[in-house]
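I have placed the structure first, in the form of structure tokens, so that the comments after it can refer back to it.
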Amino acid sequence: MEKYILSIDQGTTSSRAIIFDHDGNVVSVAQQEFLQYYPKPGWVEHDPNEIWATTMGVIADAMARGNIKRSQISAIGITNQRETTVIWDAETGKPVHNAIVWQDRRTSKICDNLKEKGLEETIKHKTGLMVDAYFSGTKIKWILDNVEGAREKAEAGKLRFGTIDTWLIWKLTNGKVHVTDYTNASRTMIYNIFDLKWDEDLLKELNIPSSLLPEVKPSSQIYGNTDADVFGAEVPIAGIAGDQQAATFGQVCYEKGMAKNTYGTGCFMLMNTGEDPIESKHGLLTTIAYGINGKVNYALEGSIFVTGAAVQWLRDELKIVDSAADTEYYATKVKDNGGVYVVPAFVGLGAPYWDMYARGTIVGLTRGSSKAHIVRATLESIAYQTRDVLEAMEADSGIKLKTLRVDGGAALNNFLMQFQSDILGVEVERPVVNETTALGAAYLAGLAVGYWNGQEELLRKWKRDALFTPKMAEDERERLYAGWKRAVERARNWIEEK
């Protein structure tokens with residue numbers, strides 16, 4: 001009987017289950033969207049129970065579509081939207097509040113207080129992160145401070161915290177396993193990425209009891225088995241990585257200096273810096289790429305908050321396209337952007353600016369500006385933001401990138417990928433298997449149970465689907481990019497109630 005690896009890819013807008021065979025090919029896939037809650041401006045929430053229900057739904061769907069039995073699954077890998085914070089009752093398993101999503105900005109004032117106390121450098125030295133509402137630490141504090149009875153229960157050891165990986169494993173094991181991996185822990189702003197442990201000083205500063213926290217383990221090992229009553233069989237859960245780190249692993253960026261960019265709701269570029277963490281001087285994050293076989297690989301990361309979400313905005317709010325795929329058609333209907341720039345700073349700007357008070361703007365409009373110009377400028381904004389990050393990355397690492405590996409939904413947009421290559425001046429490579437995030441989690445799980453023999457075997461499985469090479473003249477590239485920099489300045493520091 002053939003064996004497979006099940007990958008759970010729990011994202012910001014949907015839950016997905018992908019089943020891979022030994023060649024790393026997708027055998028079956030299922031996806032289900034779930035609700036986004038926006039209780040106040042700048043607030044973004046998910047219902048953890050809906051995340052769980054959709055996850056179980058897509059697993060059943062993927063198994064049925066592939067005609068695969070539970071007994072044919074060798075291991076389960078989990079990859080997840082990072083930073084998103086769930087706190088639940090240890091006895092009942094019931095969340096005390098909706099999950100606070102990574103995009104949520106409600107804790108900006110808590111972050112401002114940390115900065116006023118002069119803690120920015122301390123936090124950066126310990127965690128590799130900026131002080132920002134993006135990360136889990138201040139979200140945990142907010143829930144404990146604002147949900148009635150939560151702090152008392154936490155102090156009594158009756159609550160549990162987890163990022164989404166932790167929540168799903170808790171549920172899959174019927175409350176037996178409370179665990180996360182290095183990559184997810186490295187996104188909480190309370191985990192010391194050098195000592196590889198929760199940081200007591202930061203927990204004290206944010207008033208977070210340590211009894212809340214999961215055990216932190218490598219990204220590839222058996223954490224426990226699924227509960228037979230919950231899952232239908234006892235199957236090892238053997239791989240965990242935050243979505244961007246999983247994509248890095250799935251793109252087999254195992255060598256120092258290799259980089260990938262994932263085009264999803266946001267855009268995330270990671271460069272493997274090997275076993276040596278590089279502290280950024282240019283607005284990037286130092287993060288853990290993966291931990292495997294007793295070693296930890298670090299990465300520099302540029303987190304861009306809004307890329308694919310800007311395309312959703314064109315579709316859902318402005319209603320000027322019917323689907324994301326339409327953007328390529330409209331973008332090619334005009335010869336250039338017509339001087340129009342869209343800065344999609346809907347929730348502020350991430351790397352390398354870290355401006356929580358920036359807001360979205362469209363500049364350069366004239367009477368001749370058309371729908372096609374706005375669509376094209378929105379796509380171009382994704383490529384410009386990626387260049388912002390790459391310039392910072394090259395400055396920090398001293399490594400000149402030759403090729404960027406790409407994945408995610410928008411990586412299938414050929415117009416965008418060609419423009420990306422043009423504006424960076426480097427080659428852009430798209431793999432045959434675009435499901436690199438899920439593939440990375442599958443690889444981590446498969447390695448832990450001996451389904452694959454080692455990373456060398458995985459290197460041989462990576463295959464290129466398309467190569468985009470720069471075709472734009474240098475002066476044109478720099479002229480367009482200079483326009484983008486001017487547009488960003490217009491968007492910055494827009495919100496005044498600081």
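Numbers here mean position along the shown chain, with the first residue as 1.
Cβ coordinates come from backbone N, Cα and C, glycine included.
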Residue from Asp243, Asp276, Asp316 that Swiss-Prot also lists as binding sn-glycerol 3-phosphate with Thr12, Arg82, Glu83, Tyr134
Asp243
Listed in sequence order, residues not in Thr12, Thr13, Ser14, Thr265, Gly308, Gln312, Gly409 with Cβ within 8 Å of the centre of the ATP site Cβ atoms:
Gly11, Gly264, Ala309
Just going by other Cβ atoms within 10 Å, which of the binding-site residues Gly308, Gly409 has the emptiest spot?
Gly409
For the glycerol site (Arg82, Glu83, Tyr134, Asp243, Gln244), what does the 8 A shell look like? I mean other same-chain residues with CB within 8 A of the CB centroid.
Gln81, Thr84, Trp102, Arg187, Gly242, Phe268, Ser303
If you measure between the CA atoms of Asn413 (ADP binding site) and Gly308 (ATP binding site) and round to the nearest Å, you get 11
Number of other Cβ atoms within 10 Å of the Cβ of Tyr134 (sn-glycerol 3-phosphate binding site) across all protein chains
28
Give me the Cα-Cα distance between Thr265 (ATP binding site) and Asp243 (sn-glycerol 3-phosphate binding site), rounded to a whole Å.
12
